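> Quick paste of what Swiss-Prot says about this protein:
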| type | residues | note |
| --- | --- | --- |
| ACT_SITE | Ser424 | active site |
| ACT_SITE | Asp692 | active site |
| ACT_SITE | His722 | active site |
| COMPBIAS | 581-596 | compositional bias 'Polar residues' |
| MOD_RES | Ser552 | phosphoserine |
| MOD_RES | Ser554 | phosphoserine |
| MOD_RES | Ser595 | phosphoserine |
| MOD_RES | Ser649 | phosphoserine |
| REGION | 542-570 | region 'Disordered' |
| REGION | 581-600 | region 'Disordered' |
Amino acid sequence: MDLRTMTQSLVTLAEDNMAFFSSQGPGETARRLTGVFAGIREQALGLEPALGRLLSVAHLFDLDTETPANGYRSLVHTARCCLAHLLHKSRYVASNRRSIFFRTSHNLAELEAYLAALTQLRALAYYAQRLLTTNQPGRLFFEGDERVIADFLREYVTLHKGCFYGRCLGFQFTPAIRPFLQTISIGLVSFGEHYKRNETGISVTASSLFTDGRFAIDPELRGAEFERIIQNLDVHFWKAFWNITEIQVLSSLANMASTTVRVSRLLSLPPVAFEMPLTSDPELTVTISPPLAHTGPGPVLVRLISYDLREGQDSKELSSFVRSEGPRSLELRLRPQQAPRSRALVVHIHGGGFVAQTSKSHEPYLKSWAQELGAPILSIDYSLAPEAPFPRALEECFYAYCWAVKHCALLGSTGERICLAGDSAGGNLCFTVSLRAAAYGVRVPDGIMAAYPATMLQSTASPSRLLSLMDHLLPLSVLSKCVSTYAGAETEDHPDSDQKALGVMGLVQRDTALLLRDLRLGASSWLNSFLELGGQKSHLKSVSKTEPMRRSVSEAALTQPEGSLGTDSLKSLKLHDLGLRNSSDTTDTPELSLSAETLGPSAPSTINFLLGSEDGSEMSKAPEELNNKDRVRGVGAAFPEGFHPRRCSQGAMWMPLYSAPIVKNPSMSPLLAPDSMLQTLPPVHIVACALDPMLDDSVMFARRLRGLGQPVTLRVAEDLPHGFLSLAALCRETRQAAALCVERIRLILNLPGPPV
């Protein structure tokens, strides 16, 4: 169904439902249902033209006709998913509204949540139009005055996000992955609630189990808490949460479910300089020094994974590098039979935002790769920020890569074909390691496979970056915190002083007291939640402000008197919050308006983001599809008159926007590398996600390489989130996307295809 037909069908159903519920009397339920369908009608009619304009020019930003992918397309697709859900729900309401089994409160809550999401998506469409009229032709990232982009990003982060993490969580992704995303979001908000208490692992687990069931029962509460976490908690929280998979129990369970391999050994490479031959003249050598940045010389940890035990992998020389991991170190001694060395070698660099995870986190899919490719894999455990900011990780990865090239025989490979592979931050490091290898004059890999890589670390805007408003893994504030930490910016000290003061016994006593308290409060929370779901009213006379016992929106929104519903309520999406009332409604905080009247007239020396380039030569090069009407759209208000997106109730959020020269360094942002550097890269194969906030990183990097005549391919996985490699075993769609990565590596290594 095309966009216009979908919109017209939704508007027709909304008007029919409005007419029905407006005739049901003056009750609160009927009034709210009438209002929500009025809001759906208004937002759908306003959104359709904006999406149409984006879609009409989206093809100008594709890599080629065979790869229709960029942030504009992704934004339109996401809005279509929201419209499709509202269309389905509106049809359901129209068919069942007279039934005695019609769940009024549930359907109202879901309609309100998706109306809020549709309103925010409409705002994103207008932001995308502003980028379209301001960016240079064919460019997805904004390039210009840094003050302008800072103002744009600070304005963007004030948008309300909680609606995307409650009932609407993951609506844009494939249905098979949504239950997993819900589990992750519940775990994140539970983890966040106990994070600041400095609790030990057992206390966090027990507290989350008994007290945080309300996050599963109440989607609106979960969304509000998720929004609070992504705005207020520092990078140490995200580092701790993303490293949960490193816990021994969880990693053991993952290993039990993954492919069994003969070799999985952690190696420690000593910080010793060695010589490497130059590719231009093998008789000449260059010295590869050990990593030195920030902490001085130190060992580099790597993990060798091989499905078969191959020659060299049980040698005494390699064993001297082995770092014991317990029983797994005995695995080789039980299997003395050896296979010949493989022609191929894969050097892998894991992702994790430069701040989290290790090769152990990525071991499950690496084992599958080792089996499918029949080649050993060396995964690098580089040092993480904030303890080891840029360029420590790059130095360690380059050192480990050179060591692997020089000692490939010990790793079970002849080294005829070498592939660099990585995901996310690891993809970034794959590019920069190869650039450094070319600069040193040593052997570059035969190809690079980068899954959803980060190629632009500078704080800037692009259409796909707008998707971070609803992304569960890569909210813009989290991206900014990770990048600033990797760049070496000052971060808040991790609050561990209390733990040091208490000591071991003090921690045990404190955690015991907290656990008993949480058991007591948790039982009360669960009981009240289930009583409310059963329709019984419970009046809490005394509720702690730090741990509120909130009622679900399904009951509270329908039983609360009209006058007591605050305009800033997180539990009920009032119609005036969605821009359906005039601006005379009072609010606790003023609406942020980007109209010309609010911003005031621009002085000649002031750069106005809402205006196109004053230099007509730039815009004269734009394709005909970008007509004059689109170019001057920003001269008036940022949004149409009467439209006001929801703003964040958490107050103004501080987000570091780093534009220091270091983030423009090609070793941090390879997209900004000069042509002469990019021309030294080997064939590049990128596998991206259509709904990833970093999609434009992949598209623009591929476009740059293609423009230089460099061999590059781009494959885009549909309907999947960033990080799908770690979810490879979850569903058919993630398995297919992971198989696409393996197929790209196989192409680099010149390996035969898998048996049919």
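Residue numbers in this text run from 1 along the chain shown.
Backbone N, Cα and C define each Cβ position, glycine as well.
Small disclaimer: the values here were computed from a predicted structure and weren't measured.
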> Between the Cα atoms of Ser424 (active site) and His722 (active site), find the distance and write it as a whole number of Å.
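So the alpha carbons of Ser424 (active site) and His722 (active site) sit roughly 8 Å from each other.
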> Under 8 Å Cβ-Cβ from His722 (active site), six or more apart in the same chain: what's there?
Ser424, Tyr452, Asp471, Leu473, Leu474, Cys689, Asp692, Pro693, Met694
> By a simple count, how many Cβ atoms lie within 10 Å of the Cβ of Asp692 (active site), its own Cβ left out?
27
> Hey, does DSSP put His722 (active site) in a helix, a strand, or just coil?
coil
> By a simple count, how many Cβ atoms lie within 10 Å of the Cβ of Ser424 (active site), its own Cβ left out?
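A count of 28.
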